Amino acid sequence: MIVVKVGGAEGINYEAVAKDAASLWKEGVKLLLVHGGSAETNKVAEALGHPPRFLTHPGGQVSRLTDRKTLEIFEMVYCGLVNKRLVELLQKEGANAIGLSGLDGRLFVGRRKTAVKYVENGKVKVHRGDYTGTVEEVNKALLDLLLQAGYLPVLTPPALSYENEAINTDGDQIAALLATLYGAEALVYLSNVPGLLARYPDEASLVREIPVERIEDPEYLALAQGRMKRKVMGAVEAVRGGVKRVVFADARVENPIRRALSGEGTVVR
């Protein structure tokens, strides 16, 4: 099993990702694809007159402020535009893909956060009423059914809360959870940079390898900028869960998954 998280920033080559994933799937490789959609969500939110707002948390992670209107836009883009675009591309390449959100069949269930801490002007504040949360349960029986029937699952937030509300959840954490649950051979994070950079945004400063026992060292955690912090935290979670290899790699190139598995990017092992 290989779990691939496809980022949602500008510059992602979805056609190349789909072609590579379909090729692996046709060779008999079991795959789970998880995707984002942040850049498209920002565009749609702006077009609808409800521009995005982001919160920076005390640990440095950045998340989308998700009121009910934002949640609806999030669902439009993640469950609709991006998910079905990937499914269409995979079908064109001969892979029998099926797209699901965490709401479908209670695939991803978690706890809605009652309050979110964030930093503004150097002060820690609390935001309430956000539709965000953390996935704690996966409907593995549903995924197993699809995998055994020969489908390629394409998965996306939102998840379902214990109160049966849609909640914006972190796709990087979902990918790490799935990789741990399935004892994946590898967890691949594809984004619009070639991996972790020692001197962001200088792509020549790519960090080629991080020893698995050192992934939580401050010197490596400090390399993660912006939303990359969540991917690194996902890698930490996966490593703790027994996943032997995590790769941060480039989604702008041809054959991005194969190249990641061959050692391109930043490899944690």
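Quick reminder: no glycine exception, Cβ is built from N, Cα and C everywhere.
Reduced to three states, the DSSP call for Tyr78 (ATP binding site) is helix. In the shown protein chains, 24 other C-beta atoms lie within 10 A of the C-beta of Tyr78 (ATP binding site). If you look up Swiss-Prot, you'll see Lys5, Val6, Gly7, Gly8, Tyr78 marked as ATP binding site, on the strength of a large-scale study or a structure entry.
For Lys5 (among others), the entry in Swiss-Prot reads site 'Transition state stabilizer'. For the recorded site, Lys5 (ATP binding site), the DSSP three-state label reads strand.
The substrate binding site annotation in Swiss-Prot covers Arg64, Asn168. The 10 Å shell around the Cβ of Asn168 (substrate binding site) contains 24 further Cβ atoms across the protein chains shown.
According to its DSSP assignment, Lys231 (site 'Transition state stabilizer') is helical. Taken from Swiss-Prot, the feature site 'Transition state stabilizer' covers Lys231 (among others), and the record attributes it to sequence analysis.
Local packing around the recorded positions Lys5, Arg64, Lys231 was summarised as the count of other Cβ atoms within 10 Å of each Cβ; on this measure the leading residue is Lys5. Pairwise Cα distances among Lys5, Val6, Gly7, Gly8, Tyr78, which the record gives as the binders of ATP, peak at 13 Å. The binding-site residues shown are Lys5, Val6, Gly8; of these, the one with its CA atom nearest the CA of Arg64 (substrate binding site) is Gly8.
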